[in-house]
Amino acid sequence: MISLRLILLSAVFAVTYGCKCVKPTQQLTYCRASWITRAKILKSTVIDSSIQYTVDHQEIFKNETVELFDKVYTPAYTAACGVVDLEVGEVYLLAGTVSPDTSAELQITSCIFMPANDVHPGINPPTWSNVSSELYTRLQTQDFKPCPLDD
């Protein structure tokens with residue numbers, strides 16, 4: 001009985017203090033993201049409480065920044081909305097923002113990513129092999145409603 005209470009308490013603690021954000025839709029992500037790109041992960045390095053991914057931007061679909069650098073940062077913990085399990089050598093559809101503290105630091109989180117579909121958005125950026133031809137065409141043609149979205 002004590003172990004059941006401990007398990008329930010642990011679950012409540014995890015839910016209470018974990019990452020909380022609205023699950024993104026393709027439209028919402030398009031509006032919130034400063035940049036969207038197909039990128040190959042070349043290297044993953046833990047730096048303090050962040051993960052630095054070195055990426056090769058293979059195709060840029062949206063870019064509101066001056067330049068897309070090859071370093072992308074995320075919190076090192078899922079509880080802080082970090083995207084911690086991108087695999088080196090894999091190609092992903094990444095979407096993110098630029099750090100408000102610097103004009104060059106690209107950031108990704110589990111709160112802003114382009115889902116492969118809106119029905120089952122998942123919890124992390126999709127691998128490129130899971131991006132449908134329909135979404136790819138929408139990204140290429142920027143076939144999204146004007147931003148900001150009206151309620």
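Backbone N, Cα and C define each Cβ position, glycine as well.
For CYS21, the disulfide partner named by TrEMBL among CYS111, CYS147 is CYS111. CYS81 is paired in TrEMBL with CYS19, the candidate among CYS19, CYS147 named as its disulfide partner. Under DSSP, residues within the domain 'NTR' (19-147) fall into helix, strand and coil as 22 helix, 45 strand, 62 coil. Neighbour density at the Cβ, taken as the number of other Cβ atoms within 10 Å, is lowest among the disulfide-bonded residues CYS19, CYS21, CYS81, CYS111 for CYS21.
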